[in-house]
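Annotation comment: TrEMBL describes 65-74 as compositional bias 'Acidic residues'. For 80-90, the entry in TrEMBL reads compositional bias 'Basic residues'. Among the features that TrEMBL reports, active site is placed at 242. Look at TrEMBL and you will find 289 tagged as site 'Transition state stabilizer'. Per TrEMBL, site 'Important for catalytic activity' is recorded for 359. The feature site 'Interaction with DNA substrate' is assigned by TrEMBL to 386.
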């Protein structure tokens with residue numbers, strides 16, 4: 001009799017109890033440990049994963065809905081995936097540290113300063129002569145933002161030099177009409193070899209009209225296009241520049257220096273230096289794409305090979321100032337002040353006050369000593385990734 005019952009007992013051993021039966025969930029698989037794995041085949045997708053030997057914990061209604069909609073958290077990445085994620089995070093951090101000029105396209109970020117009056121301290125000075133330079137990283141995008149007009153209406157510059165306007169003759173036609181900025185006339189130098197690239201423009205009040213306007217300084221660099229504009233007045237000259245960026249790091253070399261560094265420092269800088277040396281009482285302003293000193297960049301360490309802060313660019317800039325007897329007006333006025341004119345759209349650089357001072361007002365020493373009253377970097381004006389830099393002269 002006992003021998004007859006043994007097969008039934010053996011079969012019962014292979015049947016899981018009610019509490020250990022397979023519980024099906026949208027994204028989770030559980031099974032008991034039984035004597036015969038073939039009774040519980042493991043799906044290919046779950047192969048290699050550790051499966052629970054306990055019944056699944058009952059989830060809340062919210063968790064069930066999230067699972068149905070595919071919102072449940074992803075499994076922890078494997079070691080190789082974690083390495084890739086760390087490498088990606090490091091690359092993004094490097095991007096946040098390194099300055100890249102906006103020539104690659106895209107609209108200005110227009111970062112919002114929560115709770116801050118962007119026009120705080122901005123006021124007209126009718127008894128002074130005011131020159132503003134501003135890299136707007138695309139005029140078409142920035143012109144749509146109310147703060148652009150509001151700032152100009154409040155500042156009331158006698159001369160406004162815009163750089164990186166981006167756009168050809170057709171795209172900029174609506175802005176090139178006298179009166180687009182009420183009370184101002186203008187002259188443009190747009191890039192002729194690459195659409196939507198670089199471009200500078202100068203605006204002036206009717207009572208501040210220059211005697212002559214030029215858009216080149218050296219035939220060799222005419223092909224670059226859209227980087228230079230000169231306004232000649234009685235007694236002084238204003239030059240607006242959008243200096244070429246030295247480019248991304250050349251990772252194919254041991255030095256890993258910017259790809260266009262030689263062109264920038266051995267050609268452009270050299271030719272412009274020769275030109276500036278022959279001018280008297282000059283105001284050289286614009287996005288000059290260089291942080292002259294460590295105080296001019298929020299994080300000097302780690303950026304020594306980044307465009308705008310290489311030793312070669314800084315030395316070349318210093319050589320130009322010395323050769324043409326020029327003064328960095330802001331640093332001369334405020335030797336210990338940390339102020340920046342460019343903030344990356346990545347990493348909330350503006351809110352954290354992590355920026356670069358790339359935009360300048362450079363003045364002949366004699367003119368600086370006799371006429372410059374103040375230099376202001378409008379850090380709160382957030383229409384572009386760059387901010388206006390204001391030079392105030394005594395009339």
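Cβ coordinates come from backbone N, Cα and C, glycine included.
Every protein chain shown contributes to the tally, and the Cβ of residue 386 (site 'Interaction with DNA substrate') ends up with 25 other Cβ atoms within 10 Å. Secondary structure at residue 289 (site 'Transition state stabilizer'), as computed by DSSP, is coil. When other Cβ atoms within 10 Å of the Cβ of residue 289 (site 'Transition state stabilizer') are tallied across all protein chains shown, the result is 25.
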